[in-house]
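Only one structure is covered here, and it is reproduced in the block below.
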């Protein structure tokens with residue numbers, strides 16, 4: 001219960017107000033978490049409205065199953081499965097899709113989940129601990145090159161190569177020291193390599209982010225769900241995405257811009273602008289948490305919300 005109480009949904013009112021344009025529509029919450037956005041959406045829906053939520057985390061599913069509302073259903077899967085999951089439920093078009101990306105406070109705050117370097121725990125990092133390869137299992141087999149690429153590309157860590165070498169060197173000592181399987185030891189290894197310090201940021205922050213993104217295929221799944229959302233949105237439907245770091249936000253920004261712009265055509269070709277297909281999206285706005293929200297919930301500081309609307313059938 002403590003974790004449930006500590007979780008604060010970021011940009012709650014702003015997201016739901018931007019999302020729900022038709023109270024009798026069908027909406028998707030791609031990241032149920034602990035249900036903050038879902039409950040607020042349900043409060044705005046009419047009796048004919050419908051909300052379908054997704055989450056990989058078994059604990060989120062347990063929370064969702066406690067919502068007794070005929071308009072609500074939960075899917076225990078990644079939002080990357082959205083297109084097929086909705087088709088299986090007879091849903092062809094939706095009035096809005098909400099994505100609240102990243103890891104939730106209850107996941108970070110529970111040492112047993114292995115997301116945080118602040119308290120020692122098993123090196124897991126999976127959103128769904130029942131599926132796929134854990135962080136410890138991946139670290140036990142990844143090459144220096146693969147480690148470097150993941151830590152560099154997903155963590156934007158300039159010491160990626162040095163960290164990768166240190167991790168492989170530690171693996172060579174597994175017969176004597178045992179496997180690298182705790183968050184505390186991983187943070188310690190990274191801390192010994194990263195000599196410079198960013199103000200207010202633990203030296204392991206970027207590496208933990210990178211490994212978590214890789215283990216959960218977060219950026220690949222994000223691209224899949226953005227494409228799915230575009231195809232599922234009815235005319236006038238909204239796509240609302242809240243991201244918490246530059247890698248996510250860059251993907252969302254480029255996706256929305258690409259689909260809100262007319263196709264590029266060589267000016268030498270005899271094609272009139274009026275003959276080109278209209279872009280499917282219109283960018284509505286970009287919003288940030290208020291100073292008051294950041295003061296009450298420091299984890300909201302890095303959040304950015306982007307909103308786009310489908311303008312073509």
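Just so you know, glycine gets a Cβ as well, placed from its N, Cα and C.
According to Swiss-Prot, the features are:
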| type | residues | note |
| --- | --- | --- |
| BINDING | 35, 36, 37, 55, 79, 100, 107 | S-adenosyl-L-methionine binding site |
Problem - Lowest local Cβ density (other Cβ within 10 Å) among binding-site residues: 35, 36 - result: 36
Completion exercise
Fewest C-beta neighbours within 10 angstroms among the binding-site residues 55, 100 belongs to 100
Practice task
Please report the number of other Cβ atoms within 10 Å of the Cβ of residue 107 (S-adenosyl-L-methionine binding site).
Solution key: 23
Exercise for the section: Output, ordered by sequence, the same-chain residues six or more apart from residue 79 (S-adenosyl-L-methionine binding site) with a CB under 8 Å from its CB, or 'none'. Expected result: 30, 31, 54, 99, 221, 225
Fill in the blank from the handout: residue 35 (S-adenosyl-L-methionine binding site) falls, by three-state DSSP, under coil
Completion exercise
Mapped onto three states, the DSSP assignment of residue 100 (S-adenosyl-L-methionine binding site) reads strand
Exercise for the section: Enter the number of other CB atoms within 10 angstroms of the CB of residue 37 (S-adenosyl-L-methionine binding site). Expected result: 28
Completion exercise
Among 35, 36, 37, 55, 79, 100, 107, the record's S-adenosyl-L-methionine-binding residues, the widest C-alpha separation in angstrom comes to 18
